[in-house]
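A quick write-up on the structure given underneath.
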Amino acid sequence: LETGAGFPFAINNSTGWIVVASELDREAVDFYSFGVEAQDQGNPPMASSASVSVTVLDVNDNSPEFTQREYGARLNEDAAVGTSVLTVSAVDRDANSSGGGLISLALPLDYKLERQYLLTIAASDGTRQDTAQVVVNVTDANTHRPVFQSSHYTVNVNEDRPVGTTVVVISATDEDTGENARITYLMEDSIPQFHIAAETGAVTTQMELDYEDQVSYTLAITARDNGIPQKSDTTYLEILVSDVNDNAPQFLRDSYQGSVYEDVPAFTSVLQVSATDRDSGLNGRVFYTFQGGDDGDGDFIIESTSGIVRTLRRLDRENVPLYSLRAFAVDKGVPAKRTPVEIQVTVLDVNDNPPVFERDEFDIFVEENSPIGLVVARITATDPDEGTNAQIMYQIVEGNIPEVFQLDIFSGELTALADLDYETKAEYVMVVQATSAPLVSRATVHVRLRDANDNSPQLKNFEILFNNYITNRSGSFPGGVIGRIPAHDPDVSDSLTYAFEQGNELNLVLLDPRSGALRLSPALDNNRPLEAVMRVSVSDGVHSATAQCTLRVTVITDEMLSNSITLRLADMSQERFLSPLLSRFLEGVAAVLATPRHRVVLFNIQTDTDVGTARILNVSLSVLLPASGHGARFFSSEELQERLYLNRSLLAAISAQRVLPFDDNICLREPCENYMRCVSVLQFDSSAPFLASDTILFRPIHPVTGLRCRCPPGFTGDYCETEIDLCYSSPCGSNGRCRSREGGYTCECHEDFTGE
């Protein structure tokens, strides 16, 4: 092998293998060409040579490198998407690895939002890479035009402002920066009265203004920026010249006259004044006032806008017949100018005084049964007016239906047109009216009839039912007034007198002849039943009436009470039961029990007070057995309850009354403690007062339901708290042994003995 210094190959002398002797670098030498020689060991040795070419193949052993470590570029903000920004390049010593990259715009730019972008770029050969920085500066483009806040401005300026007055400062905004945002203002048309400052947009006057010459100006103002190309916006400025108050109001007439009736209501218009003002706007706007003038002591007002003069309250010509007023027309300038005017108002007379009655209410007393056509009274009124205004007409306007009275239209005489009966109607109340058109007055007339004795007393047959319960207690007999004779006289002024005509020769019933009060004779305080029929008369001094009075005395015994029951009637009162339902009720009970009616003894009627607002009447009774004679026997309470309750529909049909279920036994509520036994006890009160209806006086015997608590066997004490040793008395005798237990004892018999 022909070699030189640093030659990277070697050959094995024996085998002929060529090997790499040192590191290869394709980037330094990529091709080798050399010769080799083969020589034998003969003598003379023989040799042969050949040419060898070696190509060094590339491997990725070098990284790419950018040509610059930092790149810079500038790009206008209005560049289009896709615009090329910058080309960067990188070098790689490996084969086929060099190249470049193009940076382009992907999204629109906005100078206001981002002015610089710092990019990091990378070059890679797939395994190795290199990075570099790219700085892209965004430059402002004249992308925005100046913009006024409004397309139209309106300002006011007084006509008396001096030359050089700043009217308004117009400004526009530009979202660009620098020169692109610097704005210059100018007027499109030359108007000699105004000037605009190019830098500030201030509009000032250059000449005096005159409202009467020209009331408004319209300026076209343009704002331009200094960008390339220039952009602009235009607005319109309307300058309104304001009038100043240099003219006073002028009335159309030198003075005004008017008239008004004194009876007109408040706020009635009287006349209208009118004034004009050569000025305009508020300076020429006129309002009217009495302030500083004369409003007739507050009797008149003037409408500020229309100039209409109105009354503020009712006028009285008799007090003030003529008003001299003074009003002003005032403009609304600053300062205001005002002009006075004189106004005369004549008050015209009217019929403004109503008729007046002597008093508001009249009381007239008339005898009943007075003849038809009688003048019962004269009702008049007075009118302070004169002439026809004082003429009065009378009429009845209320309370005369049907027509019982007539009032003369001119004289006021009140005449009766019908029979006057005190018992039919004792008083007539009418409203009369006095008219002096259109004014009226009213008064109330009370016609009160005086009662005459023209009716007879009224008296029905009536009964006195006295249930006499004989007890050991004294004072149970009713010694006081038990009621009154049920007489009535329609004539309220009559005084009645009462008397027994027959049947009361033994004075069993004591009568007060003036009041009709009834008392029972003490002779009735015995155990004998009684029925007496008497004749009673009542008189008013002129007329009289008679009726039959029946006294029935029923002796109530303990046996009767112990065999009694109490029925409960729904929706019933004591008065309604006594008259007229008592008779039907007795017939119904007798029919259910198949016994004569006179054997049904009803001894108590009492309103149930334990049921709140419900109207329930308790009726207590006992019934004699049909076949009983001397030594009468009664239905037992249990049988009465069963038969009457089971046949309550028949009882209801006959008596026209609804029977309710029996009330619960008081012991069902278990009022006793400590296992005490409850025993119901029925007691009776014989001191109840008489009940009265229009045909019956009834003396009830009130039952009082109570209870007793009895201790069980083996206990005693107020609350059964003490136990008794029942074996103490040796109840088992000598042949047994007593054993105590709770509530009693047991007996254990001795040997050879048995029994209880």
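Cβ atoms here come from the backbone N, Cα and C positions, even for glycine.
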Original post:
Pick from C709, C711: which cysteine does TrEMBL list as forming a disulfide with C720?
Top reply: C711
**OP:** Over the domain 'Cadherin' (149-251), work out the mean pLDDT and round it to an integer.
**Re:** 89
**OP:** Please work out the helix, strand and coil residue numbers for the domain 'EGF-like' (723-756) from the DSSP assignment.
**Re:** 4 helix, 13 strand, 17 coil
Subject >> the domain 'Cadherin' (358-459), counted residue by residue under DSSP: helix, strand, coil >> reply: 4 helix, 50 strand, 48 coil
Subject >> Composition by DSSP (helix, strand, coil) of residues within the domain 'Cadherin' (149-251) >> reply: 4 helix, 48 strand, 51 coil
Subject >> the domain 'Cadherin' (478-582) - residue tally per DSSP class, helix then strand then coil >> reply: 17 helix, 46 strand, 42 coil
Original post:
How do the residues of the domain 'Cadherin' (9-66) split into helix, strand and coil according to DSSP?
Top reply: 0 helix, 26 strand, 32 coil
Original post:
Just how many other Cβ atoms lie inside 10 Å of the Cβ on C711 (disulfide bond)?
Top reply: 19
